[in-house]
């Protein structure tokens, strides 16, 4: 069986991916910078982050946020809602398997909906770079999270527009 050539790139390079893709501990400044390089704005950042409405993440990505956020052993990210923190800590036990997985959207993990944004409003974002979209006081991302949490239709419309924009702006190398 023959497969058509890939359209998303001709090569794969881990270093390039790490430099270009958002990472869990990225600050708001780094996130917006990584998107703006591709001519993507704040609305695109928030809308495309909504793809985390489904999928899972390995505990290794969030373990520092749960157990060693400030570099002081045992301290967690204070932006995590306490009951949710206990749930995440049970699933990602300190010193245990970093490959165990947790749902990015604990409310509706297998549905493409706007619950991801509602989770952020309730300080239940799993990845730090997701929660920062809502927890950064005064950031333009906060109103976008609120808009998408309130209206699934607005999220869908913005997501589709941002996906098309991203597809046109990222070069194939």
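Note that Cβ sites are derived from N, Cα and C of the backbone, with glycine treated the same way.
Annotations in TrEMBL come from automatic prediction, not curation.
Residues annotated as substrate binding site in TrEMBL: 22. Annotation comment: TrEMBL describes 52 as heme b binding site. Positions annotated as Ca(2+) binding site by TrEMBL: 53, 105, 113. The disulfide bond annotation in TrEMBL covers 59-92. Summarising the annotation, TrEMBL assigns domain 'Plant heme peroxidase family profile' to 6-173.
Considering only the binding-site residues 105, 113, the Cβ with the fewest other Cβ atoms within 10 Å is that of 113. Comparing the disulfide-bonded residues 59, 92 by how many other C-beta atoms lie within 10 angstroms of each C-beta, the top residue is 92. Straight-line distance linking the Cα atoms of residue 52 (heme b binding site) and residue 105 (Ca(2+) binding site), rounded to a whole number, equals 7 Å. With respect to their backbone Cα atoms, residue 53 (Ca(2+) binding site) and residue 92 (disulfide bond) stand 20 Å from each other. Remark: the residue listed as 'substrate binding site' has 30, 31, 34, 35, 49, 129 as non-local neighbours, by Cβ distance under 8 Å and separation of at least 6 in sequence. Summarising model confidence by region, the domain 'Plant heme peroxidase family profile' (6-173) averages a pLDDT of 90. Those residues of the chain, other than 53, 105, 113, with a C-beta within 8 angstroms of the mean position of the Ca(2+) site C-beta atoms are 50, 52, 54, 107, 108, 109, 111, 112, 114, 115, 116. Its Cβ taken as reference, the residue listed as 'heme b binding site' is surrounded by 21 other Cβ atoms within 10 Å in the chains shown. Here the CA atom of residue 92 (disulfide bond) lies 16 Å from the CA atom of residue 105 (Ca(2+) binding site). Residue 53 (Ca(2+) binding site) is surrounded by 23 other CB atoms, counting those within 10 A of its CB over all protein chains shown.
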